Amino acid sequence: MDSVRNFYDTIIKSSHPLVLSLHLAGKAIPVAFYLLGGWFVSYTSHFLIITILLLAVDFYLTKNISGRKLVHLRWWHNATGTNEDGSPFVFESYKQYPDYSGPAVNPIDSKLFWISTYAAPALWALFGVLCVLRLQFISLFLVLFAAGLTGYNAYGFRSCDRWEPNKKSSETSSIWPQMPTFTNVENIQRLFTFQTFFRNG
């Protein structure tokens with residue numbers, strides 16, 4: 001009971017307690033449903049669809065709402081190619097506005113945001129190992145999707161956090177881990193048009 005009370009007190013100290021609560025819930029609910037949803041959903045297809053929808057909601061919430069509110073960062077994929085600094089992303093960061101006079105990033109918001117953002121793909125990766133050991137290949141497909149989606153979000157925010165907008169591209173190009181690029185992938189990219197939907201959020 002004390003731990004619940006302490007957690008509640010921590011959330012209350014947040015600059016955006018509602019957003020922080022939604023952010024943490026967005027990470028926890030897909031995991032909880034993956035572990036317990038089989039007791040309530042009898043069809044595998046329904047279980048997969050619901051889990052994927054929960055992961056998509058978490059992706060959108062983190063990328064377009066909680067990231068902007070809690071750590072003042074936002075990113076989206078550059079659909080036209082890579083930038084001059086070698087990054088495949090376009091960024092918005094508090095670092096772009098040195099004259100900003102609003103509230104600074106709350107340490108509690110920042111800590112819980114980054115812990116949950118990095119913990120999510122790590123936890124899904126652990127589930128993936130368990131699926132391999134148990135030969136649960138249908139679940140493995142779902143877990144790999146979850147690890148990829150949450151990991152992609154974590155990678156985008158990590159890159160945005162390390163981005164220095166005031167430096168020249170030649171000074172920052174070395175910090176970006178290069179994403180693999182292939183020729184003639186236009187048709188493949190069309191399969192992932194959900195990125196365009198999220199980008200405009």
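Note that the numbers count up from 1, one per residue, in the order the chain is shown.
Every residue gets a Cβ built from N, Cα and C, even glycine.
According to Swiss-Prot, the transmembrane segment annotation covers 18-37 (among others). Listed by sequence, the residues of this chain that lie at least six past the ends of the transmembrane segment (18-37) yet keep a Cβ under 8 A from its Cβ atoms are 11, 47, 50-51, 54-55, 57-58, 61-62, 65-66, 69-70, 108-109, 112-113, 116-117, 119-120, 123-124, 127, 142-143, 146, 150.
Residues or ranges marked as transmembrane segment by Swiss-Prot: 43-61 (among others).
A sphere of 10 angstroms centred on the C-beta of N64 (N-linked glycosylation site) encloses 17 other C-beta atoms. The feature N-linked glycosylation site is assigned by Swiss-Prot to N64 (among others).
Feature annotation from Swiss-Prot assigns N-linked glycosylation site to N78 (among others). In the three-state DSSP scheme, N78 (N-linked glycosylation site) is classed as coil.
Residues annotated as transmembrane segment in Swiss-Prot: 112-132 (among others).
Residues or ranges marked as transmembrane segment in Swiss-Prot (evidence: sequence analysis): 137-157 (among others). Within its own chain, the transmembrane segment (137-157) has Cβ neighbours under 8 Å at 27, 30, 34, 44, 48, 51-52, 55-56, 58-59, 62-63, 67, 71, 73, 75-77, 89, 117-118, 120-121, 124-125, 127-128, 131, 177, counting only residues six or more beyond its boundaries.
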